[in-house]
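Participant: Below you'll find the structure I mean.
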């Protein structure tokens, strides 16, 4: 099967997953404590976020999806238009197809041509050569480079890689060689605390935990196998909220993606420490079903609703959500117990003094 056919398969199967999804994931195990006098005035709310010296107008980004075929190039064009119209940052899908076949360059370059002033991230795997990583950045004039980690995808992939031991050293080489920030990310199986703590030694200063709960690439690749004999890998890894809880105080900025279904999930991820939050599968489904205008409307609605949540919770900025009290329930609570995570600290982050301050600082 050609690389272009595989990319088209990924889009089809990811969209089918979104349509069949049960709707529940571990973000439902995170709830805000409601303080009825904590609210502020909507004009006081801002959505801009800053992490690792990078400032985005919005704490929401369109995460890595696709590229490498005529069909996926058209999808990338529409995604770029949506990013341009809303101000959201955007990431390319894996650019490995471009390294194999430079004739598909325009399916990735369109992310920049349609969005000349936006924040665009290139995307390579951990086996990419330094030269190819630079080519990826140059092709789309990228502002940052994502390096994706995907052992649980490669393992069931019929044509997948089976050699992972060189990845840390190669990440270090790429990070040292490119002139843009590097963001190491998973593809939906999560980054553990141990993995995150290893990244600074490789020169990495930002990570996207990209946990379980959204598109399941192990399931996608297994469905491409004649016997479907890797079904036991479906649902592998840690959820996005589990990763964020596991990563408390790692000492460098984190982004969050994987299983983001609505603005409340965005707020939950920000409250657990993410500097910004990405979505892929939900946005892809909206684009496929309704076109670029529907996606622009969805992103705009999410941003308006996120600002409404911040207003109700008393968070003037996305970062202020980390001062809001949250409760951890169900299986996520069990994960925290097993990993030795003190969840009580999240339930007692605000104080009555905070609420009194908001009352005296706003007109009721």
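For all residues, glycine too, the Cβ spot is worked out from N, Cα and C.
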Participant: Among 31, 94, 334, which is the one Swiss-Prot gives for the FMN site where 64, 65, 66, 123, 185, 210, 215, 259, 260, 261, 280, 281 also bind?
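Facilitator: So, going by the record in Swiss-Prot, that would be 94.
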Participant: Whole-number answer please: how many Å between the C-alpha atoms of residue 281 (FMN binding site) and residue 7 (substrate binding site)?
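Facilitator: Between the Cα atoms of residue 281 (FMN binding site) and residue 7 (substrate binding site), the distance comes to 14 Å.
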Participant: Tell me which of the binding-site residues 123, 153, 210 sits in the most Cβ-dense spot, judged by other Cβ atoms within 10 Å.
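Facilitator: Most Cβ neighbours within 10 Å: 210.
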Participant: Using Cα coordinates, what distance in whole Å links residue 210 (FMN binding site) and residue 96 (substrate binding site)?
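Facilitator: The separation of the Cα atoms works out to 20 Å.
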Participant: In sequence order, which residues at least six apart in the same chain have a CB under 8 Å from the CB of residue 95 (substrate binding site)?
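Facilitator: Same-chain residues close to residue 95 (substrate binding site) (Cβ under 8 Å, separated by 6 or more) are 67, 108, 122, 123, 124, 136, 139.
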